[in-house]
Amino acid sequence: MNVVDHVREMAVAGLHSNVRLLSSMLLTMSTNSTELFSPSQKYQLLVYHADALFHDKEYRNAACKYTMALQQKKSLSKTSKVRPFPGSTTSSPQAQKKGGQTLHSLQNQSLPSEIEVRYKIAECYTILKLDKDAIAVLEGIPTRQRTPKINMMLANLYKKAGQERSAVTSYKEVIRQCPLALDAIIGLLSLSVKGAEVASMAMDVIQSIPNLDWLSVWIKAYAFIHSGDNMRAINTICSLEKKSLLRDNVDLLISLADLYFRAGDTKNSILKFEQAQMLDPYVIKGMDVYGYLLAREGHLEDVEVLGGRLFNISDQHAEPWVISGCHSFYSKRYSRALYLGAKAIQLNSNSVQALLLKGAALRNMVRVQEAIIHFREAMRLAPCRLDCYEGLIDCYLASNSIREAMGMANNVYKTLGANAQTLTILATVCLEDPMTQEKAKTLLDKALAQRPDYIKAVVKKGELLSREQKYEEGIALLRNALANQSDCVLHRMLGDFLVAVNDYQEAMDQYSIALSLDPNDQKSLEGMQKMEKEESPTEATADEDVDDMEGSGEEGDLEGSDSEAAQWADQEQWFGMQ
């Protein structure tokens, strides 16, 4: 057993720091004396050293060493003999031969795989976001020698680069080799491959293995998801989730929660996320959407707790950073939200929620063109998510690009069909142009006919009725919407309408309910304060009395009071009380 065998044993045992130190020493020795190690031994040392660097997350250095190993591999000769390290026990001719085969031939069989080394280089490049280099390395592997994981990495890289045909071919090759590779199946469905075609590729396995009949239904559900048919996807997953063998499956619950979110059903979405959390307290997937919904609903304390809990689970995933960013965004700390969104994207460039967070922060910081770039990237990654289009349309409207906004809204309407959400998006743009007000009204009526409880449609219809000063009709609309749900914006709008018809007492009640749902809702607070001023004429008299006090000789006492208050403020700040 020579020293390289010892390095290999330590590598297999996972003693990475030990491997790194020893292999570094031996590689230096091999540089200073070419007689110490054979080309195959140098190749092994370089691979083991690179593996140790990869484990230490030194990806550039690891890629360099892997590349050097491949170059060393090329210099290997079939007839070369192993040069034993001084002190090796394999120096005799008898030890170097076994059944007419040289020791080198035997050792060559146990050398680190060249294909595995190429895969590792590609993995380094992917982590370093050098996708083109990663593709080039993997394409250098002959097609017949590509393992399922190589084809899977290639498929994901092709998809990210927009090379859809190549991605489809690679995903299909993964499924051909591993028919139950569910992530590869999702990849194919996301590239508009028909569900029936994908199901046929796994049908032999489904029929030959007991208790796999659910898989064809699962494929059908994800086909609906990637075609944008949220309601049929929800019904299909619900039918799966109700089956006894798949009841309480966390992945299905997360998918269902995400679908409810996409369909605009916030209540059921939050309910399913909570159910998934109860089943698996360590679940990370989908929690960024859950955190966003909680923040949007005004539950910032819950968002803070959720973010802290996820950071304790893993700070190497995008989700906890997105959740913390949502807390900052809805606390109106846009610069911090921007930083946290950027950090999340750094960890996962495919995080749609991170791109949306960063885009929204940029938009609110009046950096509209930068925001547009992020919303477009989110739209490319998730073409069936309406909130990506909504963010982009908001940016166009903020920059008075009505024509671009109208074009995008029409595109969404034609692509995803006439449902309550797409109708509302188109109506939102129509409301910006006085010439298309009637069209907006028609679109909103159609949306509410489909889904009377769709909050965004109710809000936009309320805005239109407010412009037309149809307050009684607006009150009826909002009361009907609030009959089966409670929402801060709807209660606040109802308060505004009630003020317009001089029903101040109930208006005050509605503002109070709105603030109880979202204590940070500034508009409800402003509405309540405005009413309090109108109902308290004594305040004006009090102000006049204060004015009369000026020059009355009590001014010095008042100034002293202010000075004393300032001193207390300084002391509070010093002791960290502020």
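Using the three backbone atoms N, Cα and C, a Cβ is placed for every residue, glycine included.
Remember, TrEMBL labels are computer predictions, not curated facts.
Database features (TrEMBL):
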- 526-536: compositional bias 'Basic and acidic residues' (COMPBIAS)
- 541-562: compositional bias 'Acidic residues' (COMPBIAS)
- 75-105: region 'Disordered' (REGION)
- 526-578: region 'Disordered' (REGION)
- 250-283: repeat 'TPR' (REPEAT)
- 488-521: repeat 'TPR' (REPEAT)
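Residues 221, 225, 230-231, 233-234, 237-238, 240-241, 289-290, 293-294, 296-297, 313, 384-386, 420-421, 451, 454-456, 485 of the same chain lie 6 or more positions beyond the ends of the repeat 'TPR' (250-283) yet place their CB under 8 Å from a CB of it. Helix first, then strand, then coil: DSSP counts for the compositional bias 'Basic and acidic residues' (526-536) stand at 10 helix, 0 strand, 1 coil.
Residue counts for the repeat 'TPR' (488-521) by DSSP state, with H, G and I taken as helix and E and B as strand, are 27 helix, 0 strand, 7 coil.
With helix defined as DSSP H, G or I and strand as E or B, the repeat 'TPR' (250-283) counts 27 helix, 0 strand, 7 coil.
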